[in-house]
Each structure stands twice: as structure tokens, then as C-alpha cells.
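These come from TrEMBL:
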SITE      Arg152  site 'Required for activity'
CARBOHYD  Arg152  N-linked glycosylation site
SITE      Arg159  site 'Required for activity'
Amino acid sequence: MADSKVSPTPLLKDELDIVIPTIRNLDFLEMWRPFFQPYHLIIVQDGDPSKVIKVPEGFDYELYNRNDINRILGPKASCISFKDSACRCFGYMVSKKKYIYTIDDDCFVAKDPSGKNINALEQHIKNLLTPSTPNFFNTLYDPYREGADFVRGYPFSLREGVATAVSHGLWLNIPDYDAPTQLVKPLERNTRYVDAVLTIPKSTLFPMCGMNLAFDRELIGPAMYFGLMGDGQPIGRYDDMWAGWCMKVICDHLGFGVKTGLPYIWHSKASNPFVNLKKEYKGIYWQEELIPFFQAVKLPKECTTVQECYIELSKQVKAKLAGVDEYFDKLADAMVTWIEAWDELNPSDSKAADLPNGASK
């Protein structure tokens, strides 16, 4: 049964890092100060490493530019994208915390319908610390929330749920549209605040957006690779999509859950749809073959860790997607490099015992 007593959400300030990819000064942090200041920030500077990024005073942070990435990873730095926000995943790799929250620098604090500022981080933590229900849909959405429960007909054997690996938040104002939709609806803004959190059902894929996203790094971290995008690559703006598809099939295999819905942030500016189209056009075409591939992926039961699942997935990418474009041959190799680099920086992770379904440390 869901607990009717609701205790305050723990801050987890010593267990969570905030990862921010950027090419500019981080003035946006001023608005987030009441919510972010207790936490450690990992800033991944993209683009020109000689540019000085200014961070408002009073924040505890470490900043990595391309020179740092090359120094830390050596030849394996080839798996980290350049001139693309996909570089954020380097922050996931160097973090030593259990949880990660990642946000874009054009995302501001949103207000709920009553006009109160939304503490997005607190809601993500609530989502991650309560179970998910991927195996049976609850029509009152999140049964662990105050004022809700499991409805009549929900099997008691499934009410404990499973550990939540990912919390995917949404956006008010500028929606996360692809370039063709942006071009057709240039003035469309999202004003709908839907007060709900849903578990994405098992065997269902979704488009994961990286601009307001939290996850349990210990449960699923090695699967959160944002691929090869940007400079020197034939595609961009599919970094978070790729990570989401890989992550979801691995969560389904290992028995972890993924939630979407609250919290909202305010997405302040629309990117140029013509620039986006240039980055996306191959992805828009390729995804019609990528989605059936991921829907058909079967991971062998011998794969019991995220790393083992990810290496197996890379083999299937190489075998089945290299025919779509040679890029996927290169991406499959980068997936392996990513895991090797992750294990070098996080040696205890690769030796971690198997986690039973629903286990949470």
C-alpha cells in the first residue's frame, strides 16, 4: 500500500550533483540559487576551451573544458561529443554521487498554477525515491503520491513497485519540438500544467529530453551515454534521444522504472529551426529504422549489469544498424569506449554486485 503519511523530501545535498553543459556565462543560476546553492555543480564547458565562463559567486562547482576532458580520458576522449550539449555526459562519468540532475542554461524556474515557484529538484528527488510501476498501469497515475493510491483491481503482488532509475521532467513555454514542427508552429507555447507523474510502461519507448532530467547514477549511470553528436558527426540533437532509447531497453531488462511528468521548468528560448533542421534531418529519417530496432532488442539473461547490457547493445547496434549508415558502426565503437572510460574512472562500479529487481541502496 502507498503510505498515507508523507514525510518531507530529503535534500540529498551530499548525494546529488547538478550537471550543466554550457558555452556561456551562467547568469541563469541566480534564479536557481534558492534551490541549487546547497549542491555541488559539475559544469561541462563546450566549444572554445580558452573562453572564460563566469559562474555567480557562492556556488560550489568544478568546471571541465575540452582540454580537461582530453587530459582525463586521453584517447578515450573521442567518445565525448564536441560542439554539442551531448558533452554533458562527461559530467555523469566524473561525478562521484549517487544521483545526477542535469539542466540546460536556458531553463529557468517555472511557476505552478497558484503562482508559486517550482522547486524542480525537490520533485525529481521525490520521483527517484519512490518506486515506479512499469508492469501494470495505475489509472490514478503515481500511487505513492499524497492523495493517491492503487486503484481497485491493481494486483497486490505488484504494489511494491520497482526502483526508479530516471525522472524525466517537462517544460512550460517553449516545447521540445523538432525542426519541422517548430517551422509549422513557430508561435506555439506550452501553457498546460498537468499535475501528474506517470511511470512509462515496460516495453514502451519515449523521446527523452536532456534539459530537465534526473537519474540514479548507481542504478543506470553507464547507460546514460549521449552518443556522438555535433562537430565531425552527421547528426545533432539526437543525443538525449539515443541515451533514452538505450536506457529504456536496459531498464526494462534489469527491472528498473522510468517516470515522466512533473516537475516543470520554464524553457526560455527557442533554438533556430533552420539550424536545427540541418542537425536533425538525418535523425528524422533514421529514427524510422532506429525505433523498430530498439523495440525488437532482446538482451540475454546473462547480462546482469548495466555495463554488460550496454556492451551487448553496442554489438547489436553494429550488427543491425551499420547497414543504415556507417555512422552507427562508429557509434557502436564509441559505446564500447564510453564503458571502458566509465569503468576506468569508476572502478568499483564495474565490480558491483548484481542488483536484484527493485533493489535500491
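Using N, Cα and C of the backbone, Cβ positions are placed for all residues, glycine too.
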Densest Cβ neighbourhood among Arg152, Arg159 (recorded sites), 10 Å radius: Arg159
Integer Å distance between the CA atoms belonging to Arg159 (site 'Required for activity') and Arg152 (site 'Required for activity'): 12
